[in-house]
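**Student:** Input: one structure, supplied below.
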Amino acid sequence: MVLIRVLANLLILQLSYAQKSSELVIGGDECNINEHRLLAIVYTNSSQCAGTLINQEWVLTAAHCDGENMDIYLGVHNESVQYDDEEGRVAAEKFFCLSSRNYTKWDKDIMLIRLNIPVRNSTHIAPLSLPSSPPSVGSVCRVMGWGTITSPNETYPDVPHCANINLFDYEVCLAAYPEFGLPATSRTLCAGIQQGGKDTCGSDSGGSLICNGQFQGIVSWGDNPCAQPHKPALYTKVLDDTEWIQSIIAGNTAVTCPP
């Protein structure tokens, strides 16, 4: 069963659909307080996701994280401790690859959010640039999030967790999920640990996959339970949409994603 990795508000829901709702990192450790300055928490009436700050006014996340009354928080490390530079914002505008807001298991699970007020760079807040080159298969990549650290029973931590996973050829994910009829080629990245034990999971959706220091992927979907052997997760490929993202930020809001 595949999971869209999102945490439902009030009730923690495990969605048995082919998208990772926002999940916490399985098999990871508490992130160093200085390594997740880019990490946003994205709340709506019905879900919790993650996002990535790409400049002082814009956050990139997954399309399936969309919802009403969106709040975005940056600079948070411990939910029990408030830091002086924590920032809370609302979504002033949201942009999707398709005007219908459609997305699939393998394409266009991406949403660009303009914050109502820009944030300031600080000790705990800093953007991560868009990628300039594609990642290499075999790369060790970093994932981070506030999602559940256990699966299928869910345990949500007070601090974000980080883990290292491997980038695979897309064919590995193609073979792992024959029941979903994935296309022969895809604009997603396939990443995980073949023996299992490390994975993104519930409430990590929309977070970043960072390979060799570059923001290469957005947490999209994966298996349920999470972190199973031979069941890597799929991540929206950021590089394919950089021109669209940059055009939106520049004010060309009529631009469309590449086909």
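Just so you know, glycine gets a Cβ as well, placed from its N, Cα and C.
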**Student:** Check the candidates ASN102, ASN121 against Swiss-Prot and report the one noted as N-linked glycosylation site.
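**Tutor:** Cross-referencing ASN102, ASN121 with Swiss-Prot, N-linked glycosylation site lands on ASN102.
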**Student:** The disulfide recorded in Swiss-Prot for CYS162 goes to which of CYS31, CYS49?
**Tutor:** CYS31
**Student:** Name the residue from CYS173, CYS226, CYS257 that Swiss-Prot records as disulfide-bonded to CYS201.
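**Tutor:** Recorded partner, per Swiss-Prot: CYS226.
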**Student:** Give the distance between the Cα atoms of CYS49 (disulfide bond) and ASP109 (active site, charge relay system), rounded to the nearest whole Å.
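**Tutor:** Answer for this pair: 13 Å between alpha carbons.
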**Student:** Quick one: of the recorded positions HIS64, CYS65, CYS141, CYS211, which has its CA closest to the CA of ASP109 (active site, charge relay system)?
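**Tutor:** Checking each of HIS64, CYS65, CYS141, CYS211 against ASP109 (active site, charge relay system), the shortest Cα distance is to HIS64.
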**Student:** Tell me, by DSSP, whether HIS64 (active site, charge relay system) is helix, strand or coil?
**Tutor:** helix
**Student:** Report, in whole Å, the straight Cα-to-Cα distance of CYS141 (disulfide bond) from CYS190 (disulfide bond).
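**Tutor:** That separation, Cα to Cα, works out to 11 Å.
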**Student:** Which residue, of the disulfide-bonded residues CYS173, CYS201, CYS211, has its CB surrounded by the fewest other CB atoms within 10 A?
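**Tutor:** Each of the disulfide-bonded residues CYS173, CYS201, CYS211 was scored; lowest Cβ tally within 10 Å is CYS211.
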**Student:** State the three-class DSSP label for CYS173 (disulfide bond), counting H, G and I as helix, E and B as strand, and everything else as coil.
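**Tutor:** Where CYS173 (disulfide bond) sits, the three-state DSSP reduction gives helix.
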